[in-house]
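First up is the structure itself, then whatever we jot down about it.
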C-alpha cells in the first residue's frame with residue numbers, strides 16, 4: 001500500500017475555510033479568549049492564594065522546621081547532630097536569656113534570645129531589612145516596631161539600652177540591670193504581630209558573659225528529618241533515642257495532612273475552585289461546540305463534495321480539528337495575557353478578604369498557571385469540536401446534499417386549520433426544528449443566569465450590620481487588650497480605671513453602659529463541675545503539650561490549671577446579646593441547651609450560667625460550688641461560693657468551659673477583678689463625633705492596654721469585604737454571561753442566515769415583513785420565557801447552593817429578587833432585539849434577489 005502524504009493540502013484547505021468563515025472565526029476566537037481568561041485568572045488567584053495560605057500556615061505555627069524540642073541539653077544536641085534520621089544541616093539552636101523590662105516597652109513582651117543562622121531561616125514571619133546577626137558581645141538585632149517604641153532611628157550602629165531583670169534560684173530578685181548594645185541589624189514582620197510578642201537577638205558572646213552571674217532560660221532546637229514521610233513515627237523514634245528527655249516537644253502540624261479539621265478545610269477551600277473549573281468548562285464547551293456544530297452543518301455540502309473526490313473521514317476530521325487548532329493559536333495567548341492581568345488585580349482583593357494573608361505572601365507568577373490554563377482551554381476546544389468533526393467526517397456525499405438544519409428524528413405532521421397557520425405556532429415549531437441547537441442555547445443562557453443568581457445571592461446575603469453585631473455587644477466598646485495568662489502568673493498591667501464609667505455616664509448621647517469583668521485566680525474544681533471540665537477531649541488536648549509523665553487529672557487535683565473562664569457580667573442583658581449575636585469570637589458559638597436567661601433574676605445575684613459541652617451532667621436548678629484560691633496560692637486559702645444554675649449553654653470555645661455570674665458576685669470571689677470590656681449603648685447615629693469624644697476620655701487615663709471600637713468601623717470593614725466579593729463575583733458573571741449571550745447571538749445569526757431562502761419563499765407567498773419580524777420576535781420570546789422559567793426553578797437551587805458553598809460569617813440567606821428581575825429584563829431584551837437586528841441586516845435585498853443568492 002502506497003503512503004499518501006497529504007498534510008500540505010489539509011493545511012491549505014484549512015486556511016481557505018478559515019478565510020471563508022471570517023465571522024465564525026471571530027466568534028470562535030472570542031469564545032476561546034473568554035474561556036482562557038476565566039481559566040487563567042482562576043488559576044492565578046488559586047495558585048497565589050495557595051502559596052499565601054501555605055506561607056500563613058507556617059507563620060501560624062512559627063517555624064518551617066519539621067520539629068522542635070525544648071529544654072534540651074548540650075549532650076542531647078550532639079546526639080541530634082549524629083542521628084541517622086535528622087538532617088544535621090537544618091538544626092537550628094535558640095537560647096533564651098531573659099525578658100526585657102524597659103518602661104517604654106511595657107505594652108510589649110520582649111524576650112532576649114540567641115538565634116543562629118538556621119534558626120533565622122526557620123522563622124517564617126520575620127524578614128531582615130538591614131544588617132546581620134550579632135557577633136560581638138554588644139551587638140543586638142531588634143524588630144522595627146521596638147525601635148519605633150524606643151524612638152530610635154532605623155540605622156546600623158545606633159546605641160540601644162535594654163533593662164534585663166536579675167534572676168537567682170529561678171526567681172527574679174526585683175532588680176534590673178541595664179546593658180548597652182549597638183544595633184547590628186533590624187527586621188520587620190511579614191504579618192501583623194497582634195500578640196505584641198517579640199524576640200530580640202543578642203550574640204553568643206553576650207550569652208556566655210550573662211550566664212556567669214545570672215540564670216538563663218531553656219535552649220530550644222529546631223530540625224528537619226531527611227525525608228518527610230511518616231514524620232510522627234520518626235519523631236517518636238528520635239525522642240526515644242534521646243532518653244532521658246523530659247522537655248516539651250512539638251511536631252509542626254503544617255506538615256501533617258491527616259487531621260480532620262485540615263481535611264475539612266481543604267474540601268471547603270478546594271470545592272469552590274473545582275466547581276468553577278466545571279462551570280468554565282461547561283460554559284466554554286457549550287459556546288465553542290455550538291459554533292463548530294453550526295459551521296459544520298452550514299458547510300456540510302462542502303464536506304460531502306470532499307468525500308466524493310476521495311477525502312477520507314480521518315482527513316475531514318483532521319481538517320476540522322486543524323481549524324480549531326489554528327484558532328487556539330490566536331485565542332489562547334490573548335486569553336492568557338488578559339486572564340493573568342485580571343488575576344494579578346484579583347489576588348490582593350481576595351487576600352484582603354482573608355484574615356492573616358498579606359501582600360508579601362503573594363506569588364503571582366508560576367509557569368504552572370499558564371500550563372494548566374493552556375491545557376484546560378485546549379481540552380475545552382477539543383471536546384467542543386469532537387462531535388462536529390465526527391458529523392463532518394461520517395456524512396455520506398448523498399446525505400450531505402440532502403442535509404438540512406432540522407432534526408431528522410422529527411416526523412412530518414399534517415396540520416389542518418380553518419384560519420390558516422398561526423404565527424406563534426410557526427415560531428414555536430421553528431425554535432425546536434433542531435432540538436439539539438435549541439437545547440444548547442437554552443442551557444448556555446440558563447447557566448449564565450444561574451451563575452449570576454448564585455453570585456448575587458452571596459453578595460446580597462452578606463449583611464454588614466449583622467457582621468458588626470457579631471463583633472460588638474453595643475454600639476461602641478472599650479476593650480482591655482491584656483492577654484490572659486494560662487499560667488496565671490500575673491494580672492494585666494494597668495487595669496482599666498473604673499472612673500471611666502462615670503465619665504461615660506456624663507455624655508448625653510450615651511444611654512447605658514455595661515461591663516464585663518475578668519480575673520486571674522485559679523479554680524479548684526469539685527463534683528460535677530470537675531467532670532464537666534475534665535472531658536476526654538480536654539485530656540487528649542493537654543497531653544499534646546504537657547511534659548512527659550504529667551497527667552491532666554493530676555493538674556486538676558493540685559491546682560485547677562485546666563482552662564476555665566469565670567466571667568462577671570453587670571447585666572443579664574449582655575448574656576442575651578451574646579446569644580442573639582451568636583458571638584463566635586472570644587465567647588464561642590453560644591447557644592442555649594437548657595434553661596432560659598432571666599436578666600432580672602440574674603442581676604439580683606446567686607445564679608450562674610454555664611457554657612460547656614453537649615451531654616453535660618449539670619442540670620438547670622442544680623446548686624454548684626467551687627473554690628477560688630487567694631492570690632493563686634494554696635497556702636493562703638480560698639473563697640468558696642455556691643450558685644444556682646440558671647441555664648446551660650453549648651458552643652464552648654476550644655476545650656474550655658465558661659462560667660458567667662453577676663458582677664457583684666464576681667467581685668466577692670475574685671481577688672483582683674479587672675474590667676475586660678465596657679459596652680456602650682448610644683441614642684444617636686455614630687457620625688464620628690461621639691466616638692472621638694469616647695476616645696478622648698479613654699486617652700485621658702493614659703492606658704496603653706485599652707482601645708475603643710465602634711460598630712461603624714466593623715460595618716465599613718464588612719462593606720469593603722462585600723465590595724471585594726462583588727468585584728470578583730460580577731467579573732466572573734460578566735465573562736460567563738458574555739459566553740451565553742455570544743452563544744445566543746451566534747445561534748440566531750446562523751439560524752436566520754441558513755433560513756434566508758425559507759424567509760424569502762414565505763414572503764413570496766404572502767407573509768409580510770411585519771409578520772416575519774413578529775415570528776422571529778416570538779422565537780426569541782419563547783427562548784426568554786423558557787430561560788425565565790429555568791431561573792425561577794433551577795435558579796432558586798443555584799441561589800441556595802451558592803449561599804451554602806460560600807456561606808460567609810454573619811450572612812443571612814436573601815433571595816436576589818432584584819438580580820432576578822435584572823436578569824429577566826436582560827434576557828428578554830437580548831432575545832427580542834437580536835433577531836430583529838440580524839433580520840434587518842439581511843432583508844435589504846428584494847425577495848427575488850434573496851432567492852437567487854441561496855440557490
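Cβ coordinates are placed from backbone N, Cα and C, and glycine is handled just like the others.
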Annotated stretch (transmembrane segment, per TrEMBL) among the listed ranges 242-261, 302-321, 362-381, 382-401: 362-381
TrEMBL annotation (transmembrane segment) - matching range among 696-720, 721-745: 721-745
For the domain 'ABC3 transporter permease C-terminal' (731-840), mean pLDDT (0 to 100): 81
Criterion met for the transmembrane segment (780-805) and the transmembrane segment (438-459) (at least three Cβ pairs under 8 Å): yes
Recorded stretch that, among 438-459, 721-745, 817-839, has the most CB pairs under 8 Å to the transmembrane segment (26-50): 721-745
DSSP residue counts for the domain 'ABC3 transporter permease C-terminal' (731-840), split into helix, strand and coil: 94 helix, 1 strand, 15 coil
Three-state composition of the domain 'ABC3 transporter permease C-terminal' (275-380), taking helix and strand from DSSP: 91 helix, 0 strand, 15 coil
